[in-house]
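Visitor: What TrEMBL records for this protein is below:
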type     : residues : note
DOMAIN   : 9-142    : domain 'EamA'
TRANSMEM : 6-23     : transmembrane segment
TRANSMEM : 35-55    : transmembrane segment
TRANSMEM : 75-93    : transmembrane segment
TRANSMEM : 100-119  : transmembrane segment
TRANSMEM : 125-142  : transmembrane segment
TRANSMEM : 154-174  : transmembrane segment
TRANSMEM : 180-199  : transmembrane segment
Amino acid sequence: MTTASTTLRGVLVAFVGYAVFAFSDASIKALHGAVPSFQIAFTGAVLSLSALPFIKGRGDSWLDIFATTNRPLWLARFAAGATGSIASIIAFTKLPMAEAFCLLFLLPSVVTILSVIFLKEDVRWQRWAAVIVGFLGVLVVLRPGFRELSVGHLAATIGAVSAAVAIVILRALGPAEKRLSLYGASLLGTLIVSGVLMLSEIVVPSPQQWIFIAGYGLLGAAGT
C-alpha cells in the first residue's frame, strides 16, 4: 500500500469516526439533562465493553486490558479518558450543539501543540496556520468579552484538552502497547470514576431515554 493510499484511508476512517461520534453526542443532547452526566458516562462505558471482543487480538489475554509497558502514561490515559468523557457529556448537556462542537473541535489543534511539545514532531507552517484559524473560529463563535461563558464552555474546553492528551499518549505508546491495553485505560477510567461519582444521584431512565443512552454508548464504542 502506497503512502498516499494509506493517508487517504486514514482520512476516511477519521471522517467516519467523527460522523459516528456526532450521532453519539446528539444522543446526549436528546436526553435534555434528564439523566445525570455521571450516570450517562458510566452506562456508556458499560456498553462500550461490547467493543472489547473486536479489539482483542489473537493470542491476547483479557488481563492485557490492565497490562502496560509504561504505567505512568497508562494512568495518565486512564485519567484523561475519564475526564474527557465526563466533561464532554456535561458540555453537550449544558450548551447548544454548535457551541459544544466548536470547542470540542479544538482537539486537533491541541493535539498538534502537544505533539510538538511532547513527541518532538516537526510541524509545517500549514498545520500551524490551521491551528491559528481554529482558535480564531472559536473566538468568533463564542465572542468572549461580549457574552457570559458558562460551566458548559469550561467543560467543553476540558473535554477537548483531555481527549487531545489521550490521543498523544496513544501515539506515544502505540508501537509498544496492545490495543486492548490502550482502549482499556480510558474505558476503565470512565467506568471507575463516573461509577463512583454517580452514586450521589441515580435516576431510572424511561424506555425512550434508554434508547438514547444506548445510542451514546454503542455509537461511541463503534467510533472508537
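Even glycines carry a Cβ here, placed using N, Cα and C.
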Visitor: By Cβ distance under 8 Å, which residues at least 6 away from the ends of the transmembrane segment (154-174) in the same chain are close to it?
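Guide: Residues packing against the transmembrane segment (154-174) from afar: 68-70, 73-74, 76-77, 80-81, 83-84, 87-88, 90-91, 94-95, 99-100, 103-107, 110-111, 114-115, 118-119, 182, 186.
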Visitor: For the domain 'EamA' (9-142), what are the DSSP-based totals of helix, strand and coil residues?
Guide: 107 helix, 0 strand, 27 coil
Visitor: Limited to the domain 'EamA' (9-142), I'd like the whole-number average of pLDDT.
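Guide: Summarising the domain 'EamA' (9-142) by its mean pLDDT gives 89.
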